[in-house]
Amino acid sequence: MLRNGGGVKTGLKIKKAGAVDIELRAPPSKSYTHRALICAALAEGESFIRNPLDSEDIDVTVNALIRLGVSCRKTKEGIAVDGCGGVLPDVGEVTIDCKNSGTTLRLLSTLSLLSPGRVTLTGTKRMRERPVGDLADAIIQAGGDVIFTGNEGFPPLRISGTLSGGRVIVDASKSSQYVSSLMLSGPYSDYPMNIMPKGSIASKPYLRITADVMRAFGIIPRDEGDGSILIPQDVYSVSDYSVEGDYSSASYLFAVAAVCGGRVKVSNLNPYSIQGDRAFLGMLRDMGCDIDLDSYPDSVVAECRKRLSGIEVNMSGSPDVIQTLAAVALFADGPTTIHGIKNLKYKESDRIRAVINMAEACGGAVEAGDDTIVISPAEFRECRIDPADDHRTAMSAAVIGLGAGGVEIDSPECVSKSYPEFFSELRRAGLLHE
């Protein structure tokens, strides 16, 4: 696995690409891989995960499961996981460094109640600034004990107790992963778990991904009709599971067609996936691109031959592609208004600030409120962008560079968090030159 953004050096200069007619391959889905690993770890027997994402965040989850006593073996074809049947071995008290993988920390928070010993989950400085108080409240309702060893409501958190189950009310307004955490481990609670999300659920489409993976491992969450989710008591079945391609990462590839003009075919994608970030294709269509979902069973084509139009869109269900759309918006005729951004400040970086800094550095104008941002077309100039160790900022900056030229990206290796081959993929397509 590459861990340096595809072999690029710090301070990567991106030149204008011109019109394109290229084929690129989307990496496997990060969201699906995380969830499949959790289900496989809790299944009874050995499961095999094919086509998993090979990235820093997935390494963090694999290593965390190993620390909890689950056997995980990487092969050329995927990852073999010898599940514990919901009974984690006694490995004593353990501290797990989740680095800056918020998904790992949140999904493991409930799972830690299945470990006989106390589990402390910690991470980077940025991770210790990302709130988990609402998740901790839900875990306590479910039978656990949670102690914050640093600032109240933020990692590190020490988890012990048992997963009793019952009715659990969770405020998921900051992250749907709080609900996913309860869903994934819920089958092993002492009593059937009924999860009642409170308020507006952030990034709600990700709950469909969680349920989809659970079904593949034999457990079907039930929508109770009152907004709650009933998790049956059961044991995950072993599975030979194939991970589909990632629409979050593919958004940067489709964006190349929009900002450069021309045609981009992206393979390793389910054209009718339930991933929320597939909505990015509709946004490009509204801006003036043609999207072909039907010509290939495992590929999607984006083609743009005319000027882009600004749009107004609510992206609360697809927050991971907000930065991609912001990059494309700089090339449009007229402003683009994006609603549903308030939770961006809880991501790997403060992504509201990241969008502002990126756009203004390149010559764009931005107006930002608490939950809305308006991006006006740029009068492009050469710029240097510091992604603040945020993979999505780095890839969005690369899109701007390919469309306008003159963009230098600091520490481009940060893309290894989700898409280590990103710059190599662009280079193979002839878009990057030394």
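Residue positions begin at 1 at the first shown residue.
Note: Cβ is positioned from N, Cα and C throughout, glycine not excepted.
Per TrEMBL, the candidate among Arg50, Arg73, Arg392 that belongs to the phosphoenolpyruvate site alongside Lys30, Gly102, Arg130, Gln177, Arg351, Lys417 is Arg392. Counting only same-chain residues six or more apart in sequence, the Cβ atoms lying under 8 angstroms from the Cβ of Asn343 (3-phosphoshikimate binding site) belong to Ser173, Lys174, Ser175, Ala202, Ser203, Ser316, Pro319. Largest Cα-Cα distance over the residues recorded as binding phosphoenolpyruvate, namely Lys30, Gly102, Arg130, Gln177, Arg351, Arg392, Lys417, equals 20 Å. Each of the binding-site residues Arg351, Arg392 was scored by the other Cβ atoms within 10 Å of its Cβ; the lowest score goes to Arg351. Sequence-distant neighbours of Gln177 (phosphoenolpyruvate binding site) (same chain, 6+ residues apart, CB-CB distance under 8 A): Gly102, Thr103, Arg106, Leu107, Leu135, Ser203, Tyr206. Taking CA atoms as the reference points, Lys417 (phosphoenolpyruvate binding site) and Ser176 (3-phosphoshikimate binding site) are 20 Å apart.
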